[in-house]
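Novice: One structure, as C-alpha cells, below. Some questions next.
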Amino acid sequence: MGEQPIFSTRAHVFQIDPNTKKNWVPTSKHAVTVSYFYDSTRNVYRIISLDGSKAIINSTITPNMTFTKTSQKFGQWADSRANTVYGLGFSSEHHLSKFAEKFQEFKEAARLAKEKSQEKMELTSTPSQESAGGDLQSPLTPESINGTDDERTPDVTQNSEPRAEPTQNALPFSHSSAISKHWEAELATLKGNNAKLTAALLESTANVKQWKQQLAAYQEEAERLHKRVTELECVSSQANAVHTHKTELNQTIQELEETLKLKEEEIERLKQEIDNARELQEQRDSLTQKLQEVEIRNKDLEGQLSDLEQRLEKSQNEQEAFRNNLKTLLEILDGKIFELTELRDNLAKLLECS
C-alpha cells in the first residue's frame, strides 16, 4: 500500500516560464490534488501532485524555502533543486491560508530534522528514523496522492414568498368611483416614481460600465504587478532590492485588491437598485391592470344604473296613471253617495208627511 499524505488539498498548478522567468505556465487543465508527504527513508518532507500518472510537482521542502501569498487565492515558492518556481491557485483564501500554515509547519520540521541529522552524524551514532504521526513507510503511489479536500462549501437556497392578491368584491357605483379615483392617484404617483427610477437606473447602468472598466484596469495592473514580483524573486543577484520591491508591490496589490472589493460592493449595490426598480415597475403594471378592471366594472355599474333609472321612470308613470284613475273613481263615488243621501232625506220627509 502506498504512503498516505499528511495533508491534501486541491488547486490549479502553475510553473514559471523557464525562458522568460516572467509568465506563469499552467501545468494542469483543472484543479488537482496537492499533498504533503513525509519521506521517512530520507527524513524529508515533499510536496507532490499528480495529473493522472504524470508528476507535475515533486518538490522537497528545505529550511531556506519560503511560501509567499501573492494574492487572496494564489501562492508560490521557489525550488532551487528543480530550478523553477511553483504557483498554486486555490478556490478560496481559507484553503490558501491552510496550505501556507502546513508549509511553514513542515519547513520547521525539516529544519529540526536536518539539525538532528547533523548532530547524530557528528556523534557517529546510528540515526533513528522518526516518522510523523499517522504516516506509513511505503512508496508513494498516485492513488494515495489523489485524495480530496475536506473543505466543502454549503449550498444556499433562497425562498421566495408569493404575494397574496386582494379579493375583488362587487361594489356600489359610488364606492367604485372612489376606488377608481384612488387608483388613478396611485398610478400617477407610481408614474412619477417610475420616471425617477428610470433615470436612476440609466445612471446606475452607466456607473456599472465605468466600474467594470476600472475593475478590468485594476485587474490588469494587479496581474502585471504579480508578474513583476515573480520576476524580482527569481533574480537571486538582487535579493535585497527584490525584497524591497516585493514589499512595495505587495502593498500596492493589497491596496488594489481593497479598491476592487469596494468596487465590487458598489456594483452589487447598483444591481440591487436595478432589481428594486424592476420590482416597482412590476407593481406599477399590476396596479394599471387593476385600474383597468375597476374601469370596466364601473362601466358595467353605469349600464345597470341607467337601466334601473328607466325602469323607475316607467314605474312612476304607471303609478301616476293609477292615482289619476283612482281619483276619478273617488269623485264618481262621492257623487253617487251624495245622490243616495238626498234620496234618503227625501224618503225620510215623505215618511214624516204620511
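Using the three backbone atoms N, Cα and C, a Cβ is placed for every residue, glycine included.
Annotation comment: Swiss-Prot describes 1-110 as domain 'WH1'. Annotation source Swiss-Prot lists N-acetylglycine at Gly2, citing experimental evidence. The region 'Disordered' annotation in Swiss-Prot covers 114-173. The compositional bias 'Polar residues' annotation in Swiss-Prot covers 138-147, 155-173. As annotated by Swiss-Prot, coiled coil applies to 181-352. Look at Swiss-Prot and you will find 290-354 tagged as region 'Required for tetramerization', backed by similarity to another entry. For Ser306, the entry in Swiss-Prot reads phosphoserine, with the evidence type similarity to another entry.
Structural setting of the listed features?
Specialist: On the 0 to 100 pLDDT scale, the domain 'WH1' (1-110) averages 91 in the predicted structure.
The DSSP breakdown of the region 'Required for tetramerization' (290-354) into helical (H, G, I), extended (E, B) and coil residues amounts to 64 helix, 0 strand, 1 coil.
Here Ser306 (phosphoserine) comes close to no residue that lies at least six apart in sequence on the same chain with a C-beta under 8 angstroms from its C-beta.
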